[in-house]
Amino acid sequence: MVKQVVTTICFVLFHCIISYWAFMSSCSIHSSTKTSIPAIARYFGTKGRYEEVNTHLIDDILAINNSLVKLPSSTCSEIHLTAIVRHGTRFPTTKNIKKMREFYDLVVRNATNNLKYLSEIKSHWEMWYKDEMDGRLVDKGREDHRYLAQRLIRWFPSLLTKDNLRKGRVNLTTSSKHRCVNSTIAFREGLMTGLGIEVELEPAVNDALMRYFDQCERFVKEVENNESALEEVKRFNEGPEMKRVMEKMADRLEVPYTSITDDSVEAAFYLCAYEFTIREVNSPWCQLFDEVDAQVMEYSGDLKQYWKRSYGHDINSKSSCILFHDLFHRLNQVVSQINSDGTVLQAVTVQVGHAETLIPLLTLLDLFKDDTPLNSTNFATQQNRTFRSGHIVPYAANLLVVLYKCPEGVRMGVRLNEKSLTLPGLTDPVPMYEDVMKRYRALLDGCDQETVCKMNYT
Ligand SMILES: *[C@@H]1O[C@H](CO)[C@@H](O)[C@H](O)[C@H]1NC(C)=O
Ligand SMILES: *[C@@H]1O[C@H](CO)[C@@H](O)[C@H](O)[C@H]1NC(C)=O
Ligand SMILES: *[C@@H]1O[C@H](CO)[C@@H](O)[C@H](O)[C@H]1NC(C)=O
Ligand SMILES: *[C@@H]1O[C@H](CO)[C@@H](O)[C@H](O)[C@H]1NC(C)=O
Ligand SMILES: *[C@@H]1O[C@H](CO)[C@@H](O)[C@H](O)[C@H]1NC(C)=O
Ligand SMILES: *[C@@H]1O[C@H](CO)[C@@H](O)[C@H](O)[C@H]1NC(C)=O
Ligand SMILES: *[C@@H]1O[C@H](CO)[C@@H](O)[C@H](O)[C@H]1NC(C)=O
């Protein structure tokens, strides 16, 4: 009797231990897929996570890393900040959701290989992206901005103050796109939470400034609506490197080579990227790429940015003249206020836009310029290029321009994604403001939006 009870207890206990063990291991498998970072995450380009360029944020999203920033001497004080910020993490656009759905259907219907990750896609993964999600900001995108605002309070404690907010010395401007408006609202929440106050602070919508590219006729005609402007991208996507990626994909799925197009591999890459940035999942889609494949996909995306938004065509950067002048006009005002009665009326200006807002402006400033242009035939020799959109404009990318009042005069610092940059042609990471003006004299005296964007201008 006793023996039987003991046996039963032992059996039950054993059973419990086994189930507990199974439960725990399923949990740990689950949690490790939830938090593990796809090996190819740093190749996501403009679909990349901000944390990939600032890995210390993975452990502490509010951490600021002072060793990434060069400051002027401690006798200087901050007097102004302009932040030009990309919207946060978003859903794919309807066009890309359609490509993703087509590729998903192909995998489910036509892939015959019984690799583990393929059966995982077929039996466990659901196509949950809907057309109406069309480029909207996701919760992670709201967080991107809320936490960025809180880090900026830490970076600039004398500028992002209750007093400056209450006295209307902090201004918010946004593009009219819902993902930007909602990013700006999240940024404002971050400011209020971080400072522990509630004040009226209505963002101003300004597309002339934040979506200048739509309003520059010459850019629209010569680049945006001109297929041959992106000839190099097309050639690369039809070239040997991309062909190899497509063939490897077809082999992995066991489908005919003709079933896979450059749109299919792009869709697969997006599925991996969006599942990670939106849901923090290292999904089975990521298994469809090895590192070289991902580098090819990254290059294809970088080529597109290069020819459509950057050094590829002169008008790309020139289209941002209006934003360039808006920035320097404000900086000049701040400098003259400091030199007269010392009261700065605009302490902080935050402008929320797109990757397409930032890239042309950075290009106009001559930043991230490689010695040889990126083209369809130099993937291999451009391995170490500085033009990498994933490093420059991930979600919530931000260009920070800071003015300092120093005993010797006003100085200017520039940071991209919270890391100091030295402007090309200048040696001091925090140069005198007048030296910056000298450096960009030609643009300050010219670069007139009206003239530059007119069709007959040469
Ligand atoms: C700050 O950045 C430096 C330079 O990249 C890095 O070595 C260091 O680990 C970072 N600090 C933290 C706390 O992550
Ligand atoms: C900045 O915001 C204040 C109100 O908060 C407003 O009075 C002022 O006109 C704004 N400045 C600009 C340049 O938009
Ligand atoms: C903006 O965010 C609000 C919630 O904060 C949400 O209700 C709304 O649908 C969002 N709008 C868009 C266009 O994403
Ligand atoms: C389209 O782009 C090509 C290549 O840059 C250029 O030669 C051509 O003039 C452009 N066409 C128009 C209509 O601007
Ligand atoms: C998938 O398989 C079906 C037949 O089952 C075929 O009609 C279709 O063309 C295939 N799709 C692709 C893209 O190969
Ligand atoms: C691409 O650039 C390389 C230099 O890196 C040059 O030799 C080559 O001719 C260019 N290819 C095309 C198609 O323009
Ligand atoms: C890129 O940089 C690495 C490390 O400095 C170097 O070994 C490699 O040869 C470079 N590749 C090219 C194509 O320049």
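Placement of Cβ uses the backbone N, Cα and C atoms for every residue, glycine included.
Note that the structure is predicted; figures quoted are calculated from it, not measured.
Residues or ranges marked as transmembrane segment by TrEMBL: 5-23.
Sequence-distant contacts (6 or more apart, same chain, Cβ under 8 Å) of CYS406 (disulfide bond) comprise PRO72, SER73, THR75, CYS76. As annotated by TrEMBL, disulfide bond applies to CYS76-CYS406 (among others).
The disulfide bond annotation in TrEMBL covers CYS272-CYS286 (among others). Under the three-state DSSP scheme, CYS272 (disulfide bond) falls in the helix class.
The C-beta environment of CYS272 (disulfide bond), restricted to residues of the same chain at least 6 apart in sequence and closer than 8 Å, consists of PRO38, ILE40, SER283, TRP285, CYS286, LEU288, PHE289. Sorted by the number of other CB atoms within 10 A, the disulfide-bonded residues CYS76, CYS286 start with CYS76, the lowest. According to its DSSP assignment, CYS76 (disulfide bond) is coil.
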